[in-house]
Amino acid sequence: MAGNYTNVEMTLDDFNDEETAKRTSAIVYLSVVMALGIPGNLLVIIVYFGSLRRRDGTHWMYIRALAITDLLVCTVAIPFELFQQTHQLTFYSAAGCSIFRSISVHLSLTSSLLLIAMSGNRLRRVCQPLKKQLTVKQGYVTIAIVVGIAVLFCWPEGALSGISLEKLDYNLTGYDCSFSDRFSGKDYTTIYSTLLLTVYISCMLALVIMYSIVGRQVLKRTKFQNSNRASCTIPPTSGATEVTSYEHHSTDTIDDKSEYVDDKRITIEIIKHPGITDNIDHKKHKGKCKTKKKTSKKVTRIAFAISFCFILSYLPYVAVKLNASVVKGRFTQTPLTKAIFPILARTFIINNIINPVIYGFLDPTFLQHCKITIRYVLCMKCQN
């Protein structure tokens, strides 16, 4: 490391600057992610807590909780990561290291478990639409439980984290924010790292299993509906007619207050008044059913897309952690690994900025309200 400082004794700051230069790619990556994530998640919060606040089903509750968590990641966890990347050998605060590392783990776990809760809720609505569904109050309880579980898993991170000393040339000592040297040579850090890795892998497997079941159920119902569409269409007559309302057995149920399907409303609708009024009412009924189908399919697509991006963003992270466990927690010390591994170990952060993009593509109403909000902000700036 002393090649650039011939005949000059290097200071600790000089060594730290060299380490920072090797991590320029990771610093740029984190900066870009933060720059995109803050306005994106802030926009989601403004829209879903503002103009679309009437979307008060459990699915939208989880969407709002995810947006808040993602914004905290972008405003708390990522700035800490940036500070840590630029202070690889000059991180002196053991308390700050413990606090922010535990916060980062807590937010990551909360985001992952919220996604599991949202996917489980969608699985029940698709596969068991006639059974009692999760209420809004129960949804809040679920979110509280998720936050509690995340606290349970993140406190060891704070307890184990601290300053790790690194011996350098010129009789210097570097101070790195990592697992504390107090636990060096013990199995606590290895056990905890393995536990966290197991949790993330379990979340990924759970999402794959749940959406495999959802996809199979959707295909099954779609084939059933297509094969029975003709037989379920009954032309109106001048007398009283019974209409089999199979539309209620849609691919999924609308994720709103009306999402719960009461078995008393399911099978038969009695049309009491003949004539033109019957035709109008029947058309209105079919229109409402089509709207419910479109909304429910949209909700399922959004939940699936979020889960798919979660799995993709965590795959490199899991691979790096598995590699680290094989080499006993240390990467091969080469310039290439110092540049690439910090990025690969943080690709899961993409999961915290991609959701606004998913909503924009799959929810036209959200996109429309985003445009209105942006125009309003720009007009306010022009007036000032």
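Every residue, even glycine, has its Cβ placed from backbone N, Cα and C.
TrEMBL has this to say about the protein:
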- 40-359: domain 'G-protein coupled receptors family 1 profile' (DOMAIN)
- 26-49: transmembrane segment (TRANSMEM)
- 61-80: transmembrane segment (TRANSMEM)
- 92-118: transmembrane segment (TRANSMEM)
- 139-158: transmembrane segment (TRANSMEM)
- 191-214: transmembrane segment (TRANSMEM)
- 302-319: transmembrane segment (TRANSMEM)
- 339-362: transmembrane segment (TRANSMEM)
Interface present between the transmembrane segment (339-362) and the transmembrane segment (61-80) (three or more C-beta pairs under 8 A)
yes
The transmembrane segment (339-362) touching the transmembrane segment (191-214) per 3+ Cβ pairs under 8 Å rule
no
Considering only Cβ pairs within less than 8 angstroms, which of the stretches 26-49, 92-118, 302-319 has the most against the transmembrane segment (339-362)?
302-319
Pop the mean pLDDT for the domain 'G-protein coupled receptors family 1 profile' (40-359) in here, whole number is fine.
80
